[in-house]
Amino acid sequence: MTIFVNSKLTLTLTLIALSGLNTSLYCLAQQDLGVNAKQLSYVRGVSPELLRKYQPNENQTFSCLDGSKVIKYERVNDDYCDCPDGSDEPGTSACNNSKFYCENKGHIPSIIDSIRVNDGICDEACCDGSDEWGTSTECPNTCEAVNREYRKVVEERQRIELAGAKLKQEYIETARKLLQENTEKLSAKEKELAKKTKEFEELEKKKDDLENKERELREKKNAEKESKLNQVKSKVLSDVFKLRTRLSQNENDSKQYLYKLVNLVHQVKVGHNAEYDDKAVTMAIEAYDQLSQNRYNLENDALRAFSEEELAEQNGNEENDLKRDEESYDSCTSTILLLDNNIKQNSEDISELEKILNELKQGYNKNYHDSAVKGAVQEYETLLQERASREPTEEQKKARDEQSAQWRETLESAKKDIEEIETEFSENSANNDSDSELDGMELSSVRDDYYKSRGEKSTIENEIEKLKKDIDANTGPDHMLLALKGQCMSKDLGQYTYEICWLENAVQIENRDNSRQNLGSFAGLGAATTSSDGDDTTRIEDGGDDLAPAHFVHRYENGAYCWNGPHRSIMMVLECGEINEIMSVIEPTKCEYQAKVKSPVACPNLETLENQKHSSHHDGEQPKGTTAVSVGVESEKESDVIVGSDQKKQEEHQGSEPPSEINEEKPVHDEL
C-alpha cells in the first residue's frame, strides 16, 4: 500500500511488517540453515540468510543468484559488476541493481541499494555506518540512539494499539449483543409473520367469498333490472322511433332553409359593390359576420351542404342512423335529444338571418344597380313564397302537433318508469333489501380488516427484510462495525467541515455559509483506486500479508452531482487509533475524496497482541506488527530502504528494479 507522507521529517519512520523478525538475523540463519553461522565466511553486504550461497565451493566459483552465469569466487565484491542481477557485488556500488545488507547491531538490520555504498554520504538506514566502509567518510554508529527512539515509538504505538484493541473488543462485544438481539428479533418477527399471514389469508378468503356473493347478487339484480328495462323500452320503442323520425324531418327542413339563407347573405357579402357604400348592405354584412363568429363552421357547412358529395354522405349516414335507432331505445332517445338541440339552434339562427335579410330588403338603396344585392333580395322573396306554399294547413299542423305530443308523452312516461327501475335496483337499495343474501355492512367490515391486516403483514415483512439485511451485511470481522452504525465523526479542516456517519452517509459542509454537499451513501467495504499516473494509491483486498483488510476501507458513493464531473464520492481509509477521528481529507481526482481516519477498528485484536507479547517473551523476538524507526537529520529525499527478515527478501531484490519510493502528495485539507 502506497502511503502519502511528508518527506521533510526530522524523525523518519519507516513502516515495516516485521512478521516475527529476530533481533539477531544470524540466529535465524542457524535455525533455518541448520549450520553454525560462525563456520561461514563473512561476506560484506550479505545477509545471514544468503550467506551460505556466498561460500566458495571446491572449484572456487560463485553462481549468480539468478543462475545466469558462474564466475570465479575471487570476483565477488571486486568492485566490478559481473552478474546481470548484481548479486556478485553485494558489498560495493559496482552494480546498480544490487542490495547491501547493514547489520546494525543494537538495532534492526536493513537493506539498501548498493549504489549508495561508498558514496561519501552516511546513510540513515545503516546506523552502524557500514555503508561507507571504503571511504574516508566517518559515519558514527548511532544504532543505540536510534534504537532508543525506536523503542519510544514502538512503546507509544503499542500503547495506542492496546488502547484501541480494548475499545475494539468492546465494539465486538456490543456487535455480538446487537447481532444476537437482531437474531432474536428476526425469529420473533418470523413467528409474528406466520401468525399474521394465517390471519391475512383467512380474511382474504372471507373477503373473496363475500365479494363473490356480492358479484353473484349484483349479476342477478342486473339481469332482473335489464329484463324490466327492456320490457319498458320495447313497449315504447315504436312510438319513440316515430317521434325521432318526425324530428329528423323537421331538423332537416330547418337546416336546408337555414343553409339557403346563409348562402343568400354570403352572396351579398362577396358580390356587393363596395363603391356604392350602401349603409343597409354594410349593416347586413356586419350582422352576418357577428353571427358567423358565434356559430363556428356555420358558413362552411352551409356552403358545402348542397354539393353532391355532401348530399350522398348525409343520405348514407341518415340511413345507418335510422336503422340503428329503430332497434335501440337508448340510441333513439340520444338522437332525439340531439335533434331537439339542433332544431332549437337552427330556429335561432333562422330568426337572426331573416332579420338581417328583412332589414336589407327594406333598407337597401334601390337606385343603386348592385346586382348581387338585388339578386339576393329577389331570391329571398322567392324562398319565402316557396316556404309559405309548403306550410301545412292549420288542421294539418294541429294534427301533427297532437301526434308529436302524444309520442313525446309516451317517451316521458317511459323515462319515468326507467328512473323508477334504476332507483329500485340501485346499490344502496340492494344492500338494504331485507331479502338480500348479502350483508353490505359485513363486507365493508371484512374489507377494512383485510386491508389493515395486509398493511400490518407488509410492515412485518419490511422489518424482517431490514433485520436480514443488517444480519447478513458485511460489517467487518465479528460484525464489529455494527456497533458503530449511525455514529458520526466530524472534522473542521478550514474551508470545509467533513462529517462521516458509519455505514450510512458522508457530507461536506461549507464553513462560510453552512451549505451541505452530499458525498454519498455507504456502498460497501473494500475498494481499489488508481491515480492519474497509473499507480495504485490504495490497494484494498481482503487477504495477503501486505494488503489492507477490506474493512479498513469504507466506500460512500452516489453523492451530489459534481458540475462537469461525476457524482461525489468519498473513500474512508482506516488506521489504528485510540478514538474514531477524521485526520485528513484529500481530493486525488475531481469530486472523488479520500479520508484518513483513525479508529480502534483498524487496531490488532486484543488476543493477537497478547499472543505476540507472549511469543516475544518466550522466543526473545521483536514484537510482531511493531514499527521500525530510523533517526536522522532532516532530508529532502525519501528513503527506499527495505527492512525485513524474510529469507528471500535480498534475493528477490537481486537483478530487479529498486523499490518504489514513498509517494508524497499534498492534501487538500490536512491537520498540521
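Positions of Cβ are set from backbone N, Cα and C atoms, glycine also.
Among the features that TrEMBL reports, signal peptide is placed at 1-29.
As annotated by TrEMBL, region 'Disordered' applies to 204-226 (among others). DSSP assignment over the region 'Disordered' (204-226) gives 23 helix, 0 strand, 0 coil.
Among the features that TrEMBL reports, coiled coil is placed at 308-363.
Positions annotated as region 'Disordered' by TrEMBL: 386-408 (among others). The DSSP breakdown of the region 'Disordered' (386-408), given as helix, strand and coil counts, is 20 helix, 0 strand, 3 coil.
Annotation source TrEMBL lists compositional bias 'Basic and acidic residues' at 387-408 (among others).
As annotated by TrEMBL, region 'Disordered' applies to 422-443 (among others).
TrEMBL lists 486-605 with the feature domain 'MRH'. Helix, strand and coil content of the domain 'MRH' (486-605), in residues and according to DSSP, is 6 helix, 68 strand, 46 coil.
Positions annotated as compositional bias 'Basic and acidic residues' by TrEMBL: 611-622 (among others).
Feature annotation from TrEMBL assigns region 'Disordered' to 611-672 (among others).
What TrEMBL lists as compositional bias 'Basic and acidic residues' is 634-655 (among others).
Taken from TrEMBL, the feature compositional bias 'Basic and acidic residues' applies to 663-672 (among others).
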Checklist entry - Taking the domain 'MRH' (486-605) alone, what is its mean pLDDT? => result 85
